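The NAD(+) binding site feature in TrEMBL is assigned to Gly35, Ala36, Gly37, Gln38, Met39, Gly40, Asp59, Glu118, Lys123, Ser145, Asn176, Lys307. TrEMBL lists 31-216 with the feature domain '3-hydroxyacyl-CoA dehydrogenase NAD binding'. Look at TrEMBL and you will find 219-315 tagged as domain '3-hydroxyacyl-CoA dehydrogenase C-terminal'. Look at TrEMBL and you will find His173 tagged as site 'Important for catalytic activity'.
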Amino acid sequence: MLARTLVHKLPTGARAFSSTCARNAAEVKRLGVVGAGQMGLGIALVAATKAGVPITLVDTSQKSLDKGLAFADKLLNKDIAKQRITQDEADAARALLQPTTTLDDLHSVDFVIEAVPEIPQLKFDIFSKLAEICPKHAILATNTSSISITRIAASTTKDSNDTSNSSRVVSTHFMNPVPVQKGVEIISGLQTSQETLDTAVEFCKKLGKIPSVSKDSPGFLANRILMPYINEAIICLETGVGDRDSIDAIMKNGTNVPMGPLQLADFIGLDTCLAIMKVLYEETGDSKYRPSVHLRNMVDAGWLGKKSGKGFYDYQ
């Protein structure tokens, strides 16, 4: 029966969710997104087009907001050209995106998703402020791809015995590009409540996503598997086992993936790949996660992939 609870066997510390979890999920009438970069803008745009909720889009840089909204217009126009949506639907979605440079404007959201760079202290500082600014019922979510949710949750309170703020923290790790990729990881910290988890799962479903639940462990699921794969491909290039085209071609043509690991690294951003590998290496102490020297050198050179115009491939 469809209404029957589906029990999933998960690692210790992870929670299972069922088809009945909507009973515990709170309604999300307004979303906040912190960070107007590629990920934040993508999340905001999907929320506007799929869930139809108003979004307060926050970034400290007006330039970043302008760039993000221009990108949103480009994506909406592309969907109109391909007859995926009408002009009226595009206009309605665009009107739901409300940009601001002030974090205080998140005072009325029901759910907020932080999507800033993978810098631990930056995220800790933001969540400390969100706990004070957002309503006490609001879910505080992070899009982190590697940083401990438990640590982020701990930044919302000065008293570890007071879980009124930390219990509202969860990770909704969207995949890039957000409008295209269906998967999203839902990660609970030690403090995360069941209602918070259920609300996150149900809201992601309303965004047209397919949620997977992971425990709070370095790299979670997606990057615990993906990043060592990319890192090993870079080591193969670095040590001369194969050239760029051969490495990407064998994985595309031999394993039926849409793009090879080096091209994928360019699309993710080499700085992001390095940051995640550092977290995996430092938090596990396992040498198999040691970042490639060549990856470090490329990041030092400013060759970050598609976003900088040069990575393993040229994008000028």
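Each Cβ is built from the backbone N, Cα and C atoms, and glycine gets one as well.
Secondary structure counts, DSSP: the domain '3-hydroxyacyl-CoA dehydrogenase C-terminal' (219-315) has 66 helix, 3 strand, 28 coil. Local packing around the Cβ, expressed as the count of other Cβ atoms within 10 angstroms, is greatest for His173 among the recorded positions Lys123, His173. Counting other C-beta atoms within 10 Å of each candidate's C-beta, the binding-site residues Gly35, Gly37 are led by Gly35. Long-range C-beta contacts of Asp59 (NAD(+) binding site), restricted to its own chain and to partners at least six residues apart, with a cutoff below 8 Å, comprise Val34, Gly35, Ala36, Gly37, Gly40, Leu65, Gly68, Pro99, Thr101.
Annotation for Asn176 (NAD(+) binding site): spatial neighbours Gln38, Met39, Gly42, Phe267, Ile268, criterion Cβ-Cβ under 8 Å with sequence separation of six or more.
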